Amino acid sequence: MQPPSLLLLVLGLLAAPAAALVRIPLHKFTSVRRTMTELGGPVEDLIAKGPISKYAQGAPAVTGGPIPEMLRNYMDAQYYGEIGIGTPPQCFTVVFDTGSSNLWVPSIHCKLLDIACWIHHKYNSGKSSTYVKNGTSFDIHYGSGSLSGYLSQDTVSVPCKSALSGLAGIKVERQTFGEATKQPGITFIAAKFDGILGMAYPRISVNNVLPVFDNLMQQKLVEKNIFSFYLNRDPNAQPGGELMLGGTDSKYYKGPLSYLNVTRKAYWQVHMEQVDVGSSLTLCKGGCEAIVDTGTSLIVGPVDEVRELQKAIGAVPLIQGEYMIPCEKVSTLPDVTLKLGGKLYKLSSEDYTLKVSQGGKTICLSGFMGMDIPPPGGPLWILGDVFIGCYYTVFDRDQNRVGLAQATRL
């Protein structure tokens, strides 16, 4: 006969829900900025107040106080995946964004004049058996306007319909999220995604809503409280990458992971020692702070420093806030090397230039953009998809650190 303590342990393990390892395929689409540029749209109007506004302040004020401009306009977001909300799941395409902390999707009750709502999937609480009314209003400020609506609670499925896709999935119960009834400007009309799933820390969550990954952690749905991103740099590859919840996949990276401690638990913020452009220019002298952000496609830094960087790589400004590099010169340009945790992370000219179509022609754009982020949130560098595409990135909530390793070219 088994000892009672061992029997209880076995029964406990059988009764406990199995911690999952969840893979979410990511798909790469043309960004809003590129879509508007190719159509000849007024992109400069969208970026007049800065291409990114979510870093304007360090954290939102308490409920009832003024909420700062926490989220950017997502003009440069490119990688999206699918989740489900409700029972049965209603599917939505979302940006998995490590630079914000809230989940929101369009609501079936959106305003009549909200054109973006017409052309995206909408959440219908009346079709969900697990919906719980909340009703608290929420308001997220953007450079181009204000996204608003009200909070609701329901089950979130990741991915949306895992049984049909053959993927392992999890259900995060009792998740509070935003039903957007008003979306600002024209940004979301051109967007290929329905909503945003924020994966940063609770500190920057609007209305102090518990983020999806924190709720997932509390419900012990994954073995390790980590998630990792692989972004495929091949523009024609599908899927465009993979988000893994609960672990890492060594097929996506070479060598060991090197870890950086999070310096401030709001965004995924780390210390960066310096940035070298070839052997002729050093930026971030004496060290600086950087955000690792899956929701931004570019690498962003202080305006004056990035202006020097653009000059050093021969990039010239375009009216839409982008910089162009002559494609024939790309192979001759210097490496840009970021020093993080005492290790060097090199970006070749092929890594930091983006080939895009404009007016039927291929042009090359710089993967860097200048923006000054004021205190208390800034100054900051933002390491977006240009960097993450080169370095497989692990976000570790158990030990509050970010892991990096050279990404595999598949």
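Glycine too: its Cβ is placed from the backbone N, Cα and C atoms.
Copied over from Swiss-Prot, here are the features:
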- ASP97: active site (ACT_SITE)
- ASP293: active site (ACT_SITE)
- CYS91-CYS160: disulfide bond (DISULFID)
- CYS110-CYS117: disulfide bond (DISULFID)
- CYS284-CYS288: disulfide bond (DISULFID)
- CYS327-CYS364: disulfide bond (DISULFID)
- 79-405: domain 'Peptidase A1' (DOMAIN)
- 1-18: signal peptide (SIGNAL)
Minimum Cα separation from CYS110 (disulfide bond), reported as the residue among disulfide-bonded residues CYS91, CYS284, CYS327, CYS364 that achieves it:
CYS91
Where the distance is taken from Cα to Cα, which of the recorded positions ASP97, CYS117, CYS284, CYS288, CYS364 turns out closest to CYS91 (disulfide bond)?
CYS117
Given the recorded positions ASP97, CYS117, CYS160, CYS327, CYS364, which lie close to CYS288 (disulfide bond), meaning Cα to Cα within 10 A?
none
In Å, rounded, how far does the Cα of CYS117 (disulfide bond) sit from the Cα of CYS160 (disulfide bond)?
20
Give me the non-local Cβ neighbours of CYS284 (disulfide bond): same chain, 6+ apart in sequence, Cβ-Cβ under 8 Å, ordered along the sequence.
MET272, GLU273, GLN274, VAL275, GLY301, GLU305, TRP381
Sorted by position, what residues of the same chain at least six away from CYS160 (disulfide bond) have a C-beta under 8 A from it?
GLU82, ILE83, GLY84, PRO89, CYS91, PHE92
Rounded to a whole angstrom, what is the C-alpha distance between ASP97 (active site) and CYS364 (disulfide bond)?
26
